[in-house]
Amino acid sequence: MADNQTTAAEPTNGRVTRVQGSVIDVEFPVGHLPDIYNALKVTIVNTSAKEEGEAKETEITLEVEQHLGDSTVRCVALKPTDGLVRGASVSDTGAPISVPVGDVTKGHVFDVSGNILNKKPDETITVSERWPIHRNPPAFDQLESKTQMFETGIKVIDLLTPYVQGGKIGLFGGAGVGKTVLIQEMIQRVAQNHGGVSVFAGVGERTREGNDLIGEMAEAGVLEKTALVFGQMDEQPGTRLRVPLTALTMAEYFRDVQNQDVLLFIDNIFRFTQAGSEVSTLLGRMPSAVGYQPNLADEMGSLQERITSTRGHSITSLQAIYVPADDYTDPAPATTFAHLDATTELSRDIASKGIYPAVDPLSSTSRILDPRYVGQAHYDCANRVKAILQRNKELQDIIALIGIDELGEEDKTTVNRARKIEQFLGQNFYVAEKFTGRPGSYVPADETIEAFTRICDGVYDDVPEQAFSGIGGIDDLEEKWHNMQKELGA
């Protein structure tokens, strides 16, 4: 594994020889060429600053991407280069971009370079340690060889699309179907039930959404358990390309030094690929399939291989994925899918029924939904639930034409059980308590399997559908049914 600390070489100064947008060429003395990925610093003088207090100088960071001969490097700027001129002095830091790590990151919002964006005026922050964002993945002999299920306590996930400890999960869903709430809930559950910490990387999405997320997380009480790194769509492509690495470096510290289980969110992983394509084009590389960068698989692999379990502790990653034009064969999502252990698809149809989390049980998948990993009982129960839901889906067109009363007895039973299963797959979230007025619930996987097995066996055929909505486990179901009977009796 790479060293935790990178020792900076003796700083060397160069000068700017070419400025073309965010691509900068810098000439250095012979024998003092900076390494690839080194961070360079250059100061831009703001000659138009007229008002009192307006910044006269701005320092920007450049990252070395290519060597051009013996004395010139080609760099990508991480901030706008307006005002940068040829001949400007550039300082080589002698090391890659390094960011703060440790408890100081919790409750704070960072940019790609590790600068704190939400520091209060009276707040004193002491950064005791910084790690470089370019690091090697864990060595093979340090990896956790055992595949374990990551229990979330969310019924639909644990039963039908179980997450892998230290695995990568793809999260699909349009606007307004509950992606943000699911992300907040997972952050809450990791802190509450796994004693872990969460890191969020906002990559190339809308600034408004990032601002809303921070506000909602503060309101839900999960901000203090989370480190956030943002490089939104108004940022330079070099910034958007490196934001996931900054967040991942912070997550690696919690895993490797503090021995914690970490949940890493990346929203949106497609924007990481898109930024890589922009940088590749700016550097003049020959494009590959559909105009993407030729090193697409290598770039994606270098990020994903660092997201893994080491002996005893893990980084589990939840990655929102945008699929261009719903084309799953596009190289960007196709390259991402190769690394995923599970997919969770949020459905607008299910959300419209008022069932949350609105996970589509038939479209969502997991590689560990296999008797070798989850056990025979779990596997059989999940398959029975899916079979009932699939049959119900097939019967919907017939029901729309002739009505449910015209179905055979077996199909009627299937439809009734499917409706109960759909309602029971919903669940109250801790972070939504103040909006719903109902307490959140954690349902152990064993209890989830037992409950759905009973529904499939017909144990609850006499219990009305309404009793299954907005509850947690078996005890909640029986208590709600008991209260409904008392009300009916009264």
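Note: Cβ is positioned from N, Cα and C throughout, glycine not excepted.
Remember, predicted model here, so these are calculated numbers, not experimental data.
As annotated by Swiss-Prot, ATP binding site applies to G173, G174, A175, G176, V177, G178, K179, T180, with the evidence given as sequence analysis. Under 8 Å, Cβ to Cβ, and six or more positions away along its own chain, K179 (ATP binding site) finds L171, G173, D267, A320, L346.
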Legend entry - Non-site residues, in chain order, whose CB comes within 8 A of the mean position of the CB atoms of G173, G174, A175, G176, V177, G178, K179, T180 at ATP: L346, A351, A358
Legend entry - Residue, out of the binding-site residues A175, V177, whose Cβ gathers the largest set of other Cβ atoms within 10 Å: V177
